[in-house]
Every structure is written in structure tokens, then in C-alpha cells.
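Asks: I am attaching a structure below and will ask some questions about it afterwards.
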Amino acid sequence: MVTVVIGGSSSGKSEYAENLAVQLGQDNLIYIATMEPFGEESKLRIKKHQAMRSSKNFKTIECFTGLDKLLLSAGNTVLLECMSNLAANEMFSSSGAKDNVFAAIQKGIMNLSKQANHLIIVTNNVFEDGCNYSNETLEYIKLLGHINQWMASIADQVIEVIHGIPVVIK
Amino acid sequence: MVLITGGAFQGKLEYTLNLTGILKEDIMDGENCTMEDLLNRPLVNHFHLWIDRMFRGDRDIYELMDLIQTENPDLIIIVDELGCGIVPMDPYDREYREVTGRVCCEIAKIAKEVHRVTCGIGMVIKHD
């Protein structure tokens, strides 16, 4: 089963997704962390997320690019946090898929969904603010929009989190 | 408390006035309302601007929220749902956006109702 959890920044989507994973997976929980620790702010952010899930018994696997090559043991509930970072890594990082991001992400998600009992993907709503962005940023927004639509089309359920409140939209 | 959220310019204030019958003269604005206003009057608009002022002034927002909840438990709060965009370049903007999101999660937890307004149409997403 595939669940997509979407929300804005600081909307409570991570906490909701973690709790959902715990409900579904109990002891067999894998957390795929996608944020590359560049600079103090992202290191702090990573620490904050680690603290938030510390009591939930996730096994953390870091994966910044190349999700399609990840091999997991069978029977797990897998939480991927989050697509907005993974897409940015694939687009901008030296090991990323560059011009081929959409296909790489599709392959990566299919790879995970085959191996996981439950796959929960957290993604970001970055679409409702401003329009004065560089072309590069606009490309990223467009790409994440396409990825979100595709993920929602293959997902069994899609949940939008608003100030910590889950709203089922599929 | 009742929380009314949604993007900017979605008709949140008009929706709230229609819903509650509160008069225009009873509205306070987060941009300039005092703590005394917040403890006594029924409706605050642009609450994110109040959060901005308190955050800039290094005030303990959660402590103030506790006081408001105790003294004015029926307060209706209208807030812009920030956070649905690209991470801002400016460090203060990043932090302010995050604090506003966290405070809204806390308000949503204690609120008896939460409405989300898009295009002037409200959807009740929490009702105790």
C-alpha cells in the first residue's frame, strides 16, 4: 500500500506520517532520510527530526540520490522523508539524475513499493506562494508538481495535513 | 478557540463575519492589536502578523497563547496559512514561517473548530 502525505512547511506532516508508520508497521519500520547535511541549518533540522522520531524505533537509511538501487529487507513499513529534498538532490547534486529526474524518481518509488509492505511518502506543498522565482527554481517547482501528481495517481491514499489535521483527499 | 486558516486573499474575514455575525467594529488586527484586545475582544484577523511582532520582540508566544486560551477561550483567530511555498532566502523569513506553522499546529490542537477557506468557501477540518 502506498500513502502520500502532503503539507506545507511546518504543517505537522512529518509527525503525522511518522505516527501513521508506527500504526501500520509496529516493529518493522524503516526511515529513508533524504536531506543532505549541508551547512548548520540543515544539520540542526536533521537533528530535530531525529529527536522527534527517536522513541519510534525507526531504522534510518540515508539516501540522497539513486533510490532505485536501494535494497531493503522484506516486510517493512517504509517512510520516505521527503520527496521535496530527494527531487532537489536528483536535480542539483553532482550524483543526481540531472535531466532525467522524473524517470529516476519513478523508478525509485516503484523499487520501494515492491519491497515494502507499506510505503509512506512525505512531500511538500511548495506551490502556493510567490511567482518571482529564478528559472531554475521554477523548473524545480514544476518537476515536484509532476512528481506529486504521478505519486498521487499510483497511491492508495493521499492525505493533506493542515496545521496537524489530516484531511483525506484520495 | 476557533481557527480560520487558508491562503492570503481567500475571503477568510468575510466568511468568518457571515459565519458568526460579529460586527466589523469588533474585529482586531494582528498588525496592531494589544494584549488587552486579545484577552477581551471576539475576533482577530491577520494573526500571523501578531506572531511576527511577538517573535521579533522575543516574546514567549506559547505562554501568551496559554493566557489567551484561559482568559478568552471563545476567541476566533484568522491566520494566513504560510508555508506552502519555496523555503525563503531570508533567514528571518524562514524562521518566522516555521514558528507560525508550529504555533498554528498548537492552536489547531486546542481549538474546538478549525475551518480552511479557499476561494471564499470554508471547509470544517476539525469539529469537537
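Cβ coordinates are placed from backbone N, Cα and C, and glycine is handled just like the others.
TrEMBL annotations: computationally assigned, not manually curated.
Take a look at what TrEMBL says about it:
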ACT_SITE  A:HIS49  active site, GMP-histidine intermediate
BINDING   A:GLY7, A:GLY8, A:SER9, A:SER10, A:SER11, A:GLY12, A:LYS13, A:SER14, A:GLU62, A:GLU81  GTP binding site
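Can you tell me where each of these features sits in this structure?
Replies: For A:HIS49 (active site, GMP-histidine intermediate), the count of additional Cβ atoms within 10 Å of its Cβ stands at 19 [all protein chains shown].
The 10 Å shell around the Cβ of A:GLU62 (GTP binding site) contains 12 further Cβ atoms across the protein chains shown.
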Asks: What whole-number Å value do you get for the CA-CA distance of A:SER11 (GTP binding site) and A:HIS49 (active site, GMP-histidine intermediate)?
Replies: 14
Asks: Quick test of understanding: given the recorded positions A:SER9, A:SER11, A:LYS13, A:HIS49, A:GLU62, name the ones whose C-beta is under 8 angstroms from chain B.
Replies: A:SER9, A:SER11
Asks: Tell me the Cα distance separating A:HIS49 (active site, GMP-histidine intermediate) from A:GLY7 (GTP binding site), rounded to the nearest angstrom.
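Replies: Their Cα atoms are separated by 16 Å.
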Asks: Write down the Cα-Cα distance for A:HIS49 (active site, GMP-histidine intermediate) and A:GLU62 (GTP binding site), rounded and given in Å.
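Replies: The separation of the Cα atoms works out to 13 Å.
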